[in-house]
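J.: Have a look at this one before I ask anything.
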Amino acid sequence: MVVPDVKITALKPLSEQHYKRCPQCDLIFQLPALDKRFVAYCPRCHAKICSGYDWSMIRLTALAIAVLLLMPLALSEPLIRIRLLGTVINASLLQGVWQMAIQGDPFTASMVAFCAIGAPLMLPLSLLYLRLGHWLGMNLRPVLLMLNRLKEWIMLDVYLVGLAVACIKVQEYADINVGPGLYAYIAMMILVQILLIRLNIEQLWERYYPVAQPAVEPRRLQLCCACNYTGLPDHRGRCPRCHITMSRRAPMSLQKTWAALIAAIVFLFPANLMPISILYVNGERMEDTIFSGVISLATSGNMPVAIIVFIASILVPFTKVLALLFLLCTIHLKIDLSLTARMRMLRVLGWIGRWSMLDLFVIALMMSLVNREQLLSFTMGPAAFYFGAAVFLTILAVEWLDSRLLWDAHATRNTEPDSADQSRPAA
Ligand SMILES: [Zn+2]
Ligand SMILES: [Zn+2]
């Protein structure tokens, strides 16, 4: 057990004017004291810097406990019930993942389990750990660092859309009824969204590990890539707040992004060429690739669902790969295009990537719903694993790309260096 080495004082977080470096474009500016109603955005790249919200730990803990109480119901109770070939079949989240693990492949099932169960569970558990750990004097840094990265992996909303798509696919064979678990699931999803909106990690850092900003020339201040602290490294080169080694740019950002992107491109071939779902009707095997699945949805009159699945499973992964390739090329070749447009593109990529998991959620649900042995059964094809791996890798590629490298490439290309602009405090 490590006791925090910084004494927690009654300092009001974000209550004083201080210098802040933008984590997305590296501009240094003066951040005024933030009122509860205000959110600060970077004056150059418009990245959200921090908000003045300050929910007390009591409120956050109460919400976390409510999520934990709802979770067993939401995960194990049936979300929907169908009557298929004279039998009532229940589909719950846990059951879908379990069917995928035993009938399909445990790796794909663990990807679905991580996004739909693991990551949403980690959020309330982390908040309880913060509350209890602070009380017992435990090291809270790893949990605060993890909370920073957790948001994009919580995919409860994507799962709900997956449930709607599965219902539309199943309605050709069966009557559908709402299960009791669905109410608990929707309540849990709303509470998790409120937690994500109200959770102010910058405030939590300042509450548990307040570190004063050194009084030096502003341009000497560095940003910690892990916790977004703006200051100077300690004598061992570490961030005084989170104890991670401080570096000017995210270490090995381009190499890691390229590695994840190339692996994702390789995986996208089998993901699109091999069958992703297999349906057995009276012993006859019918295979569907991602594309043929979309076509059969469209021809069976489910055009809106076909469009959703097409966007999530085909358009988004391919657009993401092409857009990332383009952004990496502009960094390497120092191509000077609108930085605001490229920053916007990177943010959109970060937001849309998680929606590609939709198809895997639909498959997990269909596997637990349509399972009548020889008569009618649905199972996943080999492409599901490659597709899931490609989605995970593209999400990681976007996360690993340090957007400040775009600004660096722009600054080195232009004769008039941007750094002069960076050191000037913004109003
Ligand atoms: Zn910025
Ligand atoms: Zn740090």
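Glycine is no exception: its Cβ is also placed from the backbone N, Cα and C atoms.
So TrEMBL says this about it:
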TRANSMEM  57-75  transmembrane segment
TRANSMEM  107-132  transmembrane segment
TRANSMEM  153-171  transmembrane segment
TRANSMEM  183-201  transmembrane segment
TRANSMEM  258-283  transmembrane segment
TRANSMEM  303-328  transmembrane segment
TRANSMEM  348-371  transmembrane segment
TRANSMEM  383-401  transmembrane segment
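Help me picture these features in the structure, burial and contacts included.
T.: Listed by sequence, the residues of this chain that lie at least six past the ends of the transmembrane segment (107-132) yet keep a Cβ under 8 A from its Cβ atoms are 57, 60-61, 63-65, 67-68, 71, 75, 93-94, 96-98, 100-101, 138, 140, 143-144, 146-147, 150, 153-156, 158-159, 188, 192, 195-196, 199, 204, 208, 354, 357, 360-361, 364, 380, 384-385, 388-389, 392.
Outside the transmembrane segment (183-201) by six or more residues, the chain places 50-51, 53-55, 59-60, 63-64, 66-67, 70-71, 73-74, 77, 79, 93, 120, 123-124, 127, 144, 147-148, 151, 154, 156-157, 160 with a CB less than 8 A from a CB of the stretch.
Under 8 Å from some Cβ of the transmembrane segment (258-283) lie the Cβ atoms of residues 289-291, 293, 314, 317-318, 321, 324-325, 328, 359, 363, 366, 370, 374-384, 386-387, 389-390, 393-394, 396-397, 400, all in the same chain and six or more residues away from its ends.
Long-range contacts of the transmembrane segment (303-328) within the same chain: residues 161, 165, 168-169, 254, 257-258, 261, 264-265, 268, 272, 290-291, 293-295, 297, 342, 345-346, 349, 352-353, 355-356, 358-359, 362, 387, 390-391, 394, 397-398, 401, 406, each at least 6 residues beyond the stretch ends and with a Cβ under 8 Å from a Cβ of the stretch.
Tertiary neighbourhood of the transmembrane segment (348-371): same-chain residues 80, 82, 84, 89, 91-92, 95-100, 103-104, 108-109, 111-112, 115-116, 152-153, 155, 158-159, 161-163, 165-166, 169-170, 173-174, 276-277, 279, 290, 308-309, 311-313, 316-317, 320, 323-324, 377-380, 384, 387-388, 391, 394-395, 398-399, selected by CB-CB distance under 8 Å and a gap of 6+ residues from either end.
Through the fold, the transmembrane segment (383-401) approaches residues 104-105, 107-108, 111-112, 149, 152-153, 250, 253-254, 256-257, 260-261, 263-264, 267-277, 289-290, 313, 317, 320-321, 324, 327-328, 346, 349-350, 353-354, 356-357, 359-360, 363 of its own chain, all at least 6 residues removed from its boundaries and within a Cβ separation under 8 Å.
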